[in-house]
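These features come from TrEMBL:
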{"type": "REPEAT", "residues": "99-129", "note": "repeat 'PPR'"}
{"type": "REPEAT", "residues": "130-164", "note": "repeat 'PPR'"}
{"type": "REPEAT", "residues": "234-268", "note": "repeat 'PPR'"}
{"type": "REPEAT", "residues": "442-476", "note": "repeat 'PPR'"}
{"type": "REPEAT", "residues": "543-578", "note": "repeat 'PPR'"}
{"type": "REPEAT", "residues": "644-678", "note": "repeat 'PPR'"}
{"type": "REPEAT", "residues": "745-779", "note": "repeat 'PPR'"}
{"type": "DOMAIN", "residues": "963-1054", "note": "domain 'DYW'"}
Amino acid sequence: MFHRNILFTHRHLSYYSNSASLTYAPFLLHSKHISLLNTQFPDPHLPSISSSSSHASTQFSSSDHQKYESIVNRYQYSCSHDDSQQLHIQIFKNGYSSDVFLLNTLVNIYTRIGEMIYARKVFDEMPQRNSISWSCLVSGYTRNNMPYEACNVFKDMNCGGFTPVHYAIGSVLRACQVLEYNGLRFGIQIHGFVSKSLNVFHEVVCNGLISMYGKCMDSPDYAFFVFDEMRNRSLVSWNSIISVYSNSGDAVSAFKLFSSMQLEGLQPTEYTFGSIITAASMLSELNSFSLEQVMCTIQKSGYLFDLYVGSALVSGFARSGQISLAKKIFGLMDVKNVISLHGLMVGLARQKRGEEAVEVFLKMKNLVKLTSDSYVILLSTLGEFSDLEEGRRMGKEVHAYVIRNGLSDSNVAIGNSLINMYAKCGSVKDASSAFKLMINKDDISWNSIITGFDQNGCFINAIMMFCEMRRNQLRPGNFTIISALSSCGGLGLLSLGEQIHCEGVKLGLDDDVSVSNSLVDFYSETGCIENCKKVLSSMREYDLVSWNSIIGAFSDSNSLVLESVEYFIEMMRGGWRPNLITFVNILGAISSVHELVRQIHGLLLKHPFSDENAAGNTTLMCYGKSGNMDDCEKIFSKMGDRRDETSWNSMISGYIHNEQLNKAMNLVKLMLTNGQRLDCFTLASVLSACASVATLERGMEVHACGVRAYVDADVVVGSALIDMYAKCGRIDYASRFFKRMHVKNVYSWNSMISGYARHGHGDKSLEIFNKMKLEGQIPDHVTFVGVLSACSHMGLVDQGLDHFNSMREVYGLNPKMEHFSCMVDILGRAGELDKLEDFLNKMPVSPSVLIWRTVLGACCRSNSERATNLGIQAGSKLLELDPNNAVNYVLLSNMYAVKGKWEDMRKTRFLMKQAEVKKEAGCSWVSMKDGVHVFVASDNSHPEIDEIYKKVRKLQGRMREIGYVPEVKYALHDLEIENQEEILSYHSEKLAVAFVLTKKSELPIRIMKNLRVCGDCHTFLKYVSKIVGRLIVVRDSNRFHHFVDGKCSCGDYW
């Protein structure tokens, strides 16, 4: 904008200077002694040179005077390469090699045509120079985008004792403006220099200072200070300060200045309206009336069809999302140029309408003169295609075109745009190739490739590229630090992220609010909530993103609900207006507290964006998590046609979370009936629910739905299917599907390893683990839980210990509590109590409830005195750490019962009663065609209970004939043998299998149980499998048992 304003000023000054020249024309024509330093301007952008400033004069004859006049008139405003050569020849041919005015004119022509080497050479060979000579060179370097050279020449000018004219000062200030932050210091020095002279009040100097401060400073305050001190403010001055406020994002102040300018009687020009349109575009994001009101004012002023104003309006309406109006104005413009084309394309790209932007480009490419920026903008639109593969294909065509025309090598911006385009289209390989082939790279190039890697999940590549950038001694910018921190967060690399944090502090980038916000996000992702608070407290200034980030940091922890609410209240008290992201984050943080969800929902309804899908979907998720599905259903029904995939997914997840699987399944069927797309997330969620309650038939139904929706080949869905089939007892189906998967991720491998381990096939589990390593898939924490479980079920103590040690030594994984628990289980099941105690003593962390519970379970299976003492110690720790959990009392009571310590058992039961905790009732269930049948021990509620009991007695009779003896030690009651046998006879799994056997079928019997199967029931089921000749699959809380022909897959080791 400053360039336009200066040109506007020069347009008026040129008029007055030419008038002055005409006034003195008669004197010049009749004078015998004419000064070689003509009073006319050597450049329309430079002041005139009076005879008093001449260092050389020559006496002319009348014919010589006419020749000189002819040379001046012909070449003074020339912009031709041929003219520069002709003038150069004329100067030497006619003996004008000492004429300062003609040499200044020659320098000016060379600067206009971009031949700065020749301009500098002429300047250096001038026998005499004046201030205008220096001004010409400074102006030329600035005009040709060589700001450093302009600043250096200005320094040399002052060192040479030449007083700079105001145009030289204006030019060097424009150079500082181009250098932005790097030119600020020199710009401030110039300000100090001119403040000692009368130039400080000159309009051109003041306008230059306003624009320089506006561009180089984050705040417009310094620019306004210069403006406020001006004695005379012209239209250009007002345009400059309005432009500064508009570009800084302070639209309100820009409009206030616009009103003040009009009150002083100045009429806005096309440049004024250009800045006001930019300001109105910012306000139009909240209210579209601002931009429309500005358009009405423009129409009254007669500038509506001005090319510059029309282009600004097109850009403004397009950027604010009013595409139809932008297109209408664009169509009504009599004359269109590349600027108006760019404005419309940028607006369409911002609205994710890349295809339309390309259509506009193809229609206009032969009607306007395209620039290199045209291809930069075109490439940016390709990343906004709805079909990114089509965008990438077209991007390759544009890439080929710019290579053929030599644009990719000569223009860094095009190379950067190619990197961005390929990255946005998901083609990281092409983006990396484009980066490597760039001859010249700038900071944006490095930032683009690092950001591209980060946004495509290639976090390691992003970090490696960041390290390479630093090795090349390149200074990272704000966006580079932000992308590097994001990649560290994605990989969970806390230490490396802290190093990048330190790097940012050393470079002074941590003062930037965006960098600080990314630090809050990084520490949130790595679970360092305290560091999030420290970063926020050390920030000098906040924006809304800062508050959103800190509130969002608490969304993954139910224990930090109050802190998230406190930050939300502090934000509101500070006068910040929450946006949609704020509500999404605070609702996510408080989703477990129903009353708070209702209050925040009430506040959300007072805002205009409460009807947006994101708001509705978030409230659905929160009400679902807090257990209020009635409110979920009301919100869901009110959304009507606004429902999207997330809405359906939120409802299904809510039903699953609240154990309403039937409703979740019905909603899936309704989605398919309504033609709603069934996405991978929905399918994986429902499959996970089927796996959790082991409903194989429902899981197979969902699998069929996935096949119909063509998403069964997705790697996420495939992993969920493996997990579902494994947890529902069909390890054969899980294995078959695993082998058919073309692409596997770590979840696929983990599901198969855990599945085999759960079914007692530890050897196959370890075999899959070895294949996983051979195929280059790096195991994670979950992988080792499955591997150690397999070792536990097979009694592989030494091998389990080797795998445990390899976590840290080979893969750099620090064992978590569940891994320590698995090792305790391995040692406990194997009866290695000495090693178990030694392992507990050497643990780097205090044993958790899970560890002590595992120890107590192991002690229940051993009859030694040492096991009893260790079990008592474990029980004591459990009641100390978790006194409100009934499982702990039951385990300790059972251990006393197994060892015949009935008095200790009764004391434990009494403690349980005092703690007012209730034991979860043991139950078993089977899925039949008519629904799910649930049984508890000694159940009398089932309508067919008489037939079931009769079947149990019949089976026991046949089993006794072939050697079955009830194991009364599992009755866990101090009763007579007959009574203990009676209790054992009607355990829930026995009733379940008897019920299935009352039906005519030859299919395998599948029974699910919520607790661990007892030893007597385990023996009972082995005998039944032999008597009836059918496969019996039982899933208890620990694993699967496959009973076939009197044997169990666990080998009686469970």
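Along the chain as shown, residues are numbered 1 onward.
Note that Cβ sites are derived from N, Cα and C of the backbone, with glycine treated the same way.
Looking only at the repeat 'PPR' (99-129), the predicted model's pLDDT averages out at 90. Counting residues per DSSP class in helix, strand and coil order gives 26 helix, 0 strand, 9 coil for the repeat 'PPR' (130-164). The domain 'DYW' (963-1054): residue composition by secondary structure is 37 helix, 16 strand, 39 coil, according to DSSP.
Below 8 angstroms of C-beta separation, residues 513-514, 516-517, 520-521, 523-524, 529, 532-533, 536, 585-586, 588-590, 592-593, 596, 607 of the same chain, each at least six residues beyond the ends of the repeat 'PPR' (543-578), sit close to that stretch. Assigned with DSSP, the residues of the repeat 'PPR' (442-476) fall into helix, strand and coil as follows: 26 helix, 0 strand, 9 coil. Taken residue by residue, the repeat 'PPR' (234-268) breaks down under DSSP into 26 helix, 0 strand, 9 coil.
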